[in-house]
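> Under the heading substrate binding site, Swiss-Prot lists GLU237, GLY376, ALA377, MET378, GLU379, ASN380. Look at Swiss-Prot and you will find HIS412, HIS416, GLU435 tagged as Zn(2+) binding site. According to Swiss-Prot, the feature N-linked glycosylation site maps to ASN121, ASN129, ASN258, ASN285, ASN343. The site 'Transition state stabilizer' annotation in Swiss-Prot covers TYR501.
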Amino acid sequence: MSRPFSSGVYVSRGVALLLAALTAVLLLVLVALASLYGSCAHVQPSEQGNSRVKNTSLWPPGGQEWALPTPAQEPTVGTSQDLGPPSGPWDHLRLPPWLVPLHYDLELWPWLQPDKLSPPNLTFTGRVNITVRCTVASSRLLLHSFLLNYKQVEVWGPLAQDTRNATVGRVQVEKVWFAPDMQFVVLDLGQSLEPGSRYELSFHFSGQVLQVGLEGLFLNLYHDEDELRALVATQMEPTFARHVFPCFDEPALKATFNITVIHHPGYAALSNMPQLGQSERIDVNGSRWTVTTFHTTPRMPTYLVALVVCDLDHISRTERGKEIRVWARKDDIANGYLDFAANITGPIFSFLEDLFNISYRLPKTDIVALPIFASGAMENWGLLIFDESSLLLEPEDELTEKRAMILSIIAHEVGHQWFGNLVTMSWWNNIWLNEGFASYFELELTNYFYPKVPMNMIFFFTVLHGILGEDHALESRAVSTAVENFTETSEINRLFDLYTYKKGACMAWMLASFLSPHLFINALKSYLETFSYSNAEQDDLWRHIQMVIVPFRHFLAEH
């Protein structure tokens, strides 16, 4: 092959120099733009060391400013993909293991008033002090937070030994910024926290009460006694606590909570624990508000934190010295539509206490029938929330099937007081440990109270046959999956499916069948006692089943 002829464009030396200069300028512009290219918005405290955070703007690392949205708008914060974040722990969906939460002092103030039931932008304000233990030295802290605005952020500590509030110093907060894709708020500190020491993280924040979605802190509008009324309630499971307050929003990061709710005097405030006391607060407009405080909770995950602010009516029952209150519209209470739910809840608690020989650990139970509740029912510890359609029964309705259905729904949520609340799965990939056993004991309780209802046949044809059919599908899955497959909220939400509930119930039914009910319950007793106020994984359950099988096998061998 012969050498090809040269071809091209020829320019003069002057033109070449001009092109070179333009290229250099272009490169400088690109470098400048790259330096402005940030990951996420952040908020700058003042240069004087004051930890008050401006809540009027969001600042990316390069200094460019975006205007904060009005409360009714979606935030205009650039996503991490849009802004090209630097590499860091905020790239991951799980919290880094730098801090362990120990206790939350949480105050929430929903600005709901009876004469302003449907404001265009109903908001809430709040404060939280989180006591944490540092496990890894770091000058950067990550917590979960989503769609919250911050007014003040402070870090105090290290805390003095053997006390919770006494502090021996203060840690400078140099910068506060957000990683909205991963739903983190990030604190850049002036110094690293000391491993083994305890600190207090303090936040003043605000957010929206949702009027469309029914997650986080949301509003219900309804009619009662021929009047328009309103209430606010919470739904934190699985990952919506971060919509209400900054927190460590993972199920294994349990802590105790002191909860305070500020509300209009015309409303009642409910939370997980009994009321501790009430006082009065006057706002800047001179309006009077009631401050209701509650007793300290046991150690529990953030997804079980609950509150309701309402003017519902209630009826009370007492079971083994503990009060059970059922709340609903005044009309429904007056008509006796909640009597059956109130009468059956106590015996359900007693049945499970006797079965496991483990008492219900909270001093009270409130059951609230919401006019609208998209989740259907939620097992918040001490404050169970239902859609009212799941609980209402006309007193003259003697239909056993209707009563059995209401009983089964209540039984499922009461079962969670042991499976999920007392013992919680370590991560959402094992949510079947909560839902599967609650679904199984829902069947057992219905059989116990209504033996003439063919629940075994119903279970066989609707649950077992149904899941066997679905298990042949291409999209079938195991009840427990790899942790890394379920980290985003959308992925976690998909776990609340028929495989978790129905296949999980079938797993429990199978275990009870081949172990025998006696060994099965003994294994569950051991499991619940060992992991009370803590977390467990699927393998922990298998170990406790093995623990009851081995002695029984030896007994059979000797006899």
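For all residues, glycine too, the Cβ spot is worked out from N, Cα and C.
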> Can you tell me how far the Cα of ASN258 (N-linked glycosylation site) sits from the Cα of GLU379 (substrate binding site), in Å?
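GLU379 (substrate binding site) has its Cα 19 Å from the Cα of ASN258 (N-linked glycosylation site).
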> Can you give me the Cα-Cα distance between HIS416 (Zn(2+) binding site) and GLU379 (substrate binding site) in Å, rounded to a whole number?
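Answer for this pair: 6 Å between alpha carbons.
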> Using Cα-Cα distances with a 10 Å cut-off, which of the binding-site residues GLU237, GLY376, ALA377, MET378, GLU435 are near TYR501 (site 'Transition state stabilizer')?
GLU435
> Going by DSSP, is GLU435 (Zn(2+) binding site) sitting in a helix, a strand, or coil?
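For GLU435 (Zn(2+) binding site) - judged by DSSP and reduced to three states - the answer is helix.
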> Within 10 Å of HIS412 (Zn(2+) binding site), Cα to Cα, which of the recorded positions ASN121, GLU237, ASN285, ALA377, GLU379, ASN380 are there?
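Final answer, ordered: ALA377, GLU379.
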> Report the nearest neighbour of GLU435 (Zn(2+) binding site) in space among the recorded positions ASN121, ASN129, ASN285, GLU379, ASN380, comparing Cα positions.
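Answer for the nearest of the recorded positions: GLU379.
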> What three-state secondary structure does DSSP assign to GLU237 (substrate binding site)?
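GLU237 (substrate binding site) sits in coil per DSSP, no helix or strand.
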> Going by DSSP, give the three-state secondary structure for MET378 (substrate binding site).
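In three-state terms, MET378 (substrate binding site) counts as strand.
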> Out of ALA377, MET378, which has the highest number of nearby Cβ atoms, where nearby means within 10 Å of its Cβ, if these are the binding-site residues?
MET378
